[in-house]
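Shown next, in structure tokens, is the structure this report addresses.
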Amino acid sequence: MFTYTRPVMLLLCGLLLLTLAIAVLNTLVLLWLAQANLPTWQVGMVSSSYFTGNLVGTLFTGYLIKRIGFNRSYYLASLIFAAGCVGLGVMVGFWSWMSWRFIAGIGCAMIWVVVESALMCSGTSHNRGRLLAAYMMVYYMGTFLGQLLVSKVSGELLHVLPWVTGMILAGILPLLFTRIVNQQTQTRHSSSISAMLKLRQARLGVNGCIISGIVLGSLYGLMPLYLKHQGMANASIGFWMAVLVSAGILGQWPMGRLADKFGRLLVLRVQVFVVILGSIAMLTQAAMAPALFILGAAGFTLYPVAMAWACEKVEHHQLVAMNQALLLSYTVGSLLGPSFAAMLMQNYSDNLLFIMIASVSFIYLLMLLRNAGQTPNPVAHI
């Protein structure tokens, strides 16, 4: 079976455009709020409303996919995101922006659930790792290019919103030329998110997504602060963050390929061990370039491999519900990780950022080793 089919390629093309729009807005909204001289707590509330929307969107998208299919769910998700974008220019103010960012958060989460579920349902045990690797490469590449766009174009609110909205609507176009079949609508069986979270044989995958959220959320959110406290200029901080993200992009396809060939368990063990090594190396400050590179290459690839593990433990009609559970787990981890790490850094030492990352990774490594005898390699239901 050919891995990158026409529907998959068109889906990833649409995702790239949507991710560009997401990256641009996520950066500029904070700047617009700062320019409006809003208090810090209000800026935090607007940011939190977006992530709250992510949680809400994650919860009901599975039902939507079951009712109207992948294509229409994708169209609806994109339109909701576009509405959240346009609303920022129609109504200005704390409460209105908090509402519009909540709506945008719902749309973004719906997009992620639809795309990830469609890829999982399109794949088999032999190529799901590569499909998810391609997904993450497109996502991080879109995020990276979005940051470049922010630095090259006008940042004025009414200048940005028209072309960003146009980019969102353009992201719909590729899927107008293909149809992604949802086999879940052809069965009477249904699964809930809670049932997937309780599924014992998939627990390693769920836990892996939580750990991935903690690791990536902490690195994304607090690494610039850590570097700033080391006395680095903004240009240097940007360079080192680019090294981190670039390593994550470059590591996706090899990790996905290795996971398909040698099994998820072995690759997960190696990834987590490398994250621990990278964290320890950052504490020594001996060689930041290789330390950051291996930390990014291993840390940014945990999520797709853990997701592939969990999805191989369920039946085909349960894939959408499982994907919702995994994305929810990742989101929870990405919210809790930075909050806890920031508290440790403020009260004790900046080095606790990497100590925390190494600690949670070590706990997950123990889980992987302990369960090795029970589930040596997951077998997919295809």
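Counting starts with 1 at the first residue shown.
Even glycines carry a Cβ here, placed using N, Cα and C.
Here is what Swiss-Prot records for this protein:
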type: TRANSMEM; residues: 14-34; note: transmembrane segment
type: TRANSMEM; residues: 45-65; note: transmembrane segment
type: TRANSMEM; residues: 75-95; note: transmembrane segment
type: TRANSMEM; residues: 102-122; note: transmembrane segment
type: TRANSMEM; residues: 131-151; note: transmembrane segment
type: TRANSMEM; residues: 157-177; note: transmembrane segment
type: TRANSMEM; residues: 204-224; note: transmembrane segment
type: TRANSMEM; residues: 231-251; note: transmembrane segment
type: TRANSMEM; residues: 270-290; note: transmembrane segment
type: TRANSMEM; residues: 291-311; note: transmembrane segment
type: TRANSMEM; residues: 325-345; note: transmembrane segment
type: TRANSMEM; residues: 349-369; note: transmembrane segment
Between the transmembrane segment (349-369) and the transmembrane segment (131-151), are there three or more C-beta pairs closer than 8 Å, counting only pairs 6 or more apart along the chain? no
Residue numbers, six or more beyond the limits of the transmembrane segment (14-34), whose CB comes under 8 Å of its CB atoms: 42-43, 46-47, 50, 74, 78, 81, 85, 88, 97, 101, 104, 108, 111, 115, 135, 138-139, 141-147, 149-150, 155, 157, 160, 164-165, 167-168, 170-175
Contact call for the transmembrane segment (157-177) against the transmembrane segment (231-251), three or more Cβ pairs under 8 Å: no
Tertiary contacts of the transmembrane segment (270-290), defined by C-beta under 8 angstroms and 6+ residue spacing from its ends, are 211, 215, 240, 243, 255, 297-299, 301-302, 305, 351, 354-355, 357-358, 361-362, 364-365, 368
Name the range, of those listed as 45-65, 102-122, 131-151, 291-311, that has the largest tally of Cβ pairs under 8 Å with the transmembrane segment (204-224). 291-311
Counting only CB pairs under 8 A, let me know which of 45-65, 75-95, 131-151, 291-311, 325-345 has the most with the transmembrane segment (102-122). 45-65
Determine which recorded stretch among 45-65, 75-95, 131-151, 231-251, 291-311 has the most C-beta pairs below 8 angstroms with the transmembrane segment (325-345). 45-65
For the transmembrane segment (75-95), the distant same-chain contacts (Cβ-Cβ under 8 Å, at least six residues beyond its ends) come to 18, 21-22, 25, 29, 32, 36, 38, 42, 45-46, 57, 61, 64, 68, 101-108, 110-111, 114, 157-158, 161, 164-165, 168-169, 171-172, 175
Going along the chain, which residues at least six beyond the ends of the transmembrane segment (231-251) come within the CB cut-off of under 8 Å? 136-137, 140-141, 143-144, 219, 223-224, 288-289, 292-301
Can you name the far-off residues of the same chain, 6+ from the ends of the transmembrane segment (291-311), with a Cβ under 8 Å from a Cβ of it? 116, 120, 128-129, 132-133, 135-136, 140, 202, 204-209, 211-213, 215-216, 219, 240, 243-252, 255-256, 259, 264-265, 267-268, 270-272, 274-275, 277-279, 281-282, 319, 322-323, 325-326, 330, 357, 378, 380
